[in-house]
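**Q** What TrEMBL shows for this protein is this:
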DOMAIN    31-407  domain 'Cation/H+ exchanger transmembrane'
DOMAIN    465-598  domain 'Cation/H(+) antiporter central'
DOMAIN    608-771  domain 'Cation/H(+) antiporter C-terminal'
TRANSMEM  18-36  transmembrane segment
TRANSMEM  78-97  transmembrane segment
TRANSMEM  109-135  transmembrane segment
TRANSMEM  147-168  transmembrane segment
TRANSMEM  180-201  transmembrane segment
TRANSMEM  208-228  transmembrane segment
TRANSMEM  248-277  transmembrane segment
TRANSMEM  289-311  transmembrane segment
TRANSMEM  323-349  transmembrane segment
Amino acid sequence: MEAAETATCRSVDNFNPLITTIFQVSCILVISHMFHILLKPLGQPGPFAQLLAGVVVGPTLLSRIRRVEDFFIQASSADYYTFFSFLCRMLFMFSIGLETDIPYLKRNIRVVSIVAGGGIILSSICAVPLLWLLIKVFTVTKSRFPFYLLIFTVLANSASPVVIRMIAESKFDNADLGRLAIYSSLISEMSCVAFVATLTACSSTIRLVGAIIATLVTVLLIFLNNYLPFVFNKRNRHKRFLTNSELFLIIFILLAISLLVESAGYTAITCCFLAGLMFPREGKTCRTLLHKLTYAVNTFVLPVYFGYTGFQFNISKIFNKLTLILTVLIILLSAGTKIVATLAACYYLKIPRNESLILSFLLNMKGNYDLIIINSPPVPKMLWENDIHDLFLSVVVLKTLILAPVVAIWLNRGEFCAHYPTTLEILNPESELRMMACAYIPRHVSGYLSLISALSDCPNATLNPYVAHLVELRKKKKSKLMYHQLEDGDQYSDEEEYGGNDVVQITNALDSFISETKIPVHEAKIVSSFLTINQDVCNGAVDLRVSIIFLPFHKHQRVDGKMENSMEGIRTINQKVIRHAPCSVGIFLDRGQTGFQQPHGSLSVQNIATFFFGGPDDREALACSKRILMHSQVSLTVFRFIQANSSIQNSWISDASHRDEEVVMAISSIGTENEMDNVFVDSFYNRYVAQGKASLIEKYVSDGAETLVALREILDNMYSLVIVGKGRRENSSLTIGMSDWEECPELGLVGDLLASSEMNFSGSLLVIQQHRHSEEDEALITP
């Protein structure tokens, strides 16, 4: 096949090509951000706006003007464009690897592989007749095998960066379907790379040697990336981030080894992705890379990369009747192949039809590895003929421009992004639990880590915890220092300075916990005025799709055992969050050394109790207890408070000899709620108590006075944690008279009593309110 010049260069340079390249990148950035601002209210994603910006700047529109064409499209500029594309590709693939949810991928590797594999297999079959047709049309006599690899890649590949950005901007990335689409596209793209690289390596001895070299340097990069974070974390143990020089060293090594892989004749996207995927998640090195790369990649790198893709497209190249027919044919064949294969795979996996359809459209996005094959054939010193290059480039660009708006409108309808489940009661104990724990000061974090440790030991289930540091937004003093006068590491955004030394202490606590337990904990920071911070907490819970929010109690226990206010305003924030939360809420009172301790790695068993007075809040408390009781170092005791003259009959009998746990429970009302309580408790007994995993004890009381006496008797035992539902028990005969000394209504009658100093209870307390479905479950929460 004859080599040909690319469509984006001319024979004579009238301007400095570096200046031309920089100016083109700047134009693409400005226009893409303008388009994004205009199209975002219409629900259109960033990749669509950025691709459109490149089309506008390119030979399709602005570069049709003679002076603009002479400035942008020059012979020497092609090398600069190629290098910028390589740099962008390297950074965002490394960033994608860093952000990959490895536990999710491990749990769902079978499902993801089937969805991705269906499209790859069918595409490899459909590429054969298309190869025969295009060989006849373009009279291809040589290099037919690389031509087949080109056709296969265009049909089978799913552009993971496009899919990831579309889903992230739709706030869809934490939904099950969103994550399935992301990792199916990743598996699809990496499989295409591996397939093409393997067949290319087997074509000749030289290519095989190149593949071995690329593999060895990739292993070297992974090794260095596992060693350097250990050194850097140790050097910066008292800081939150690495210094700029250390960050530059990591990026330089990544760039150098990626260039070695490219020089061996293979694309470096797999090398960069694997380097990010295998990068240690613990410590300050990963946090610094995510903090610096995420903003840079989303704001600069991807707009430039997608924009340059659109810049290469020239619509005048498809005005030829034959080319237009072939373009439409390949687009339809590619889309049809992906849709049919994905629907078949989803039918086998019993995924709902509407979700299968949106998944098939998402996996039809193009614009990453397929572009590499189009611009750089898998054979050294070879270029596609202009007609072939223009045809497949038009297919990639037009297909993404056509399908991206359709998919975006579909996603923005919201039916695929429903915030579900919002309560623990309806959540399967063996399914993933997403939780968010809010902390104001470092003291709050230790108690949360104990809860996370206890909740993470449930077999066949996964915990996805987020710890959000809530920081009050105050007036910031302006610094008189210039940027170059700041100390190394102080050039981060103003927001990073909020929180003071608390940020470092919280970060160190999380790093130590993750290193010790190997439980991944996501860290976040919410900086806002205390008047509106409850809105940010609720909106964050919706975005993260958590099932429960944990809040700290506004008081803490002093050395003498008395309770003292921690921070002004926490109580008001807690009340607002409880009122407007889009999911269940738990208020956690941590009593430090005498309270609940981290069970992970502990040799002693901790006793836990849960009070059940009946109703949705107590069922939610018991559902939380189910998760905790699965930890081997936790023992739970069940006490069910029942009206003394109640006619409730149970089919089970408490067996104290099999106690591993105790749960304190109580019954509130008669009727539907009472029936639901009985069903829920019966289910708990059959699954846990009868199996010897928990114990359940009934307490018959007549009024609040007897309830108080029973509580005092129970608390004489050493319980490190008591779990109770907030409840609405004002009219319950079980709590008559207990409201006379109520101080904190947000804890409920029983919770308020247990939190008071008069009860002489030294254990920790968790009060849970179940989410109440109402019209307040909106994305914007009123304060």
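Glycine residues also receive a Cβ, built from the backbone N, Cα and C atoms like all the rest.
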**Q** At an 8 Å Cβ cut-off, counting only pairs 6 or more apart in sequence, do the transmembrane segment (109-135) and the transmembrane segment (180-201) clear the bar of 3 or more pairs?
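**A** Counting Cβ pairs under 8 Å (6 or more apart in sequence), the transmembrane segment (109-135) reaches the transmembrane segment (180-201), since there are 3 or more.
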**Q** What parts of the chain pack near the transmembrane segment (18-36), using Cβ distances under 8 Å and only residues at least 6 beyond its ends?
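**A** Tertiary neighbours of the transmembrane segment (18-36) are 46, 49-50, 52-54, 56-57, 71-72, 74, 77, 80-81, 84, 300, 303-304, 306-308, 311.
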**Q** Of the stretches 78-97, 147-168, 180-201, 289-311, which racks up the most C-beta pairs under 8 Å with the transmembrane segment (323-349)?
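**A** Per the Cβ under 8 Å count, 147-168.
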**Q** Could you check whether the transmembrane segment (289-311) and the transmembrane segment (180-201) come into contact, where contact means at least 3 Cβ pairs under 8 Å with the two residues of each pair 6 or more apart in sequence?
**A** no
**Q** Mind checking which residues reach the transmembrane segment (78-97)? Cβ under 8 Å, same chain, six or more beyond either end.
**A** 6, 8-9, 17-18, 20-21, 24-25, 160-161, 164, 186, 251, 254-255, 258, 262, 268-269, 272-279, 290, 293-294, 296-297, 301-302, 304-305, 308, 368, 372, 375
